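According to TrEMBL, the features are:
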- Thr95, Asp131, Asp161, Ala162: S-adenosyl-L-methionine binding site (BINDING)
Amino acid sequence: MALRRSTCKLANSLKFLLPRRASYLHSHATSFGFKEVREEEKSKLVGNVFSSVASNYDLMNDLMSIGLHRLWKDRLVTKLCPFPGMKHLDVAGGTGDIAFRVLESIRSVSHRAMQDGLAETEEQTQIYICDINPNMLNIGKKRAIERGFAEDRYLHWVEGDAEALGFEDESMDGYTIGFGIRNVTHIEKALAEAYRVLKRGGRFLCLELSHVEFPVFKQLYDYYSFSVIPAVGELVAGDRESYEYLVESIRRFPNQDAFGRMIVEAGFQKVEYENLVGGVVAIHSGLKL
């Protein structure tokens, strides 16, 4: 699955370099791919992109990653260590891909617990799928029906903004965000919200397309990203521009170490990341202690 898989722990010494709750200074412009746009415009532009790609989102993920995104999400959920009775929040998770895996993992743990004669706590499990885009949520709800989760009382679909979550402080045991944080206007606000809603001991996990490590591989990856992916998007989804934005947004996203420092700055401890496929994808994690 991976050309190289590495885990890099970010030393606690970073914390004396960065104040725990520093205030970030923003101009009135932000990036939308390689373009500079006003902050108030970005969320609308990103919303238009995902409204456009929603119906083909899962198919394009399969094509763009050659199906590897499934393994990456499996790895994310393995690192989460779901448990029966947990309250979990999956942000930017409209299609349900990660939430379904979390629920299936919990049910697997519950089944083993029942076999061992342990107390059953699955009934308390609550999984919230939060996405700012209603079209993505609708795709997820349809997929839930197809997978037999339509009447599942553990799944809750919520339209909401990663930068202003409608959940109480310290209400979640786990927080995941997959391929979504690079699309928010203010990454640090999304991280602050993740920290706010997690309970003490709660785990933050982010799966995101990132920056490759090897020069030769980077050249091949750049060619594939800028030439092949937009062409496939045009052929399959009839939308080249949206996939050009998605590729550009990856290049504008902070590299693994820089993003790790942002997670530390948000207050998380034991921050680390794992590279998959030479850094094409990275999984960052942190704990609220």
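Note: Cβ is positioned from N, Cα and C throughout, glycine not excepted.
Among the listed binding-site residues, namely Asp131, Asp161, the Cβ with the most fellow Cβ atoms inside 10 Å is that of Asp131. In the structure as shown, the Cβ atom of Ala162 (S-adenosyl-L-methionine binding site) sits within 10 Å of 23 other Cβ atoms.
As a whole number, the greatest separation of Cα atoms within the S-adenosyl-L-methionine-binding residue list Thr95, Asp131, Asp161, Ala162 is 16 Å. Around Thr95 (S-adenosyl-L-methionine binding site), taking its Cβ as the centre, 24 other Cβ atoms fall within 10 Å, counting all chains.
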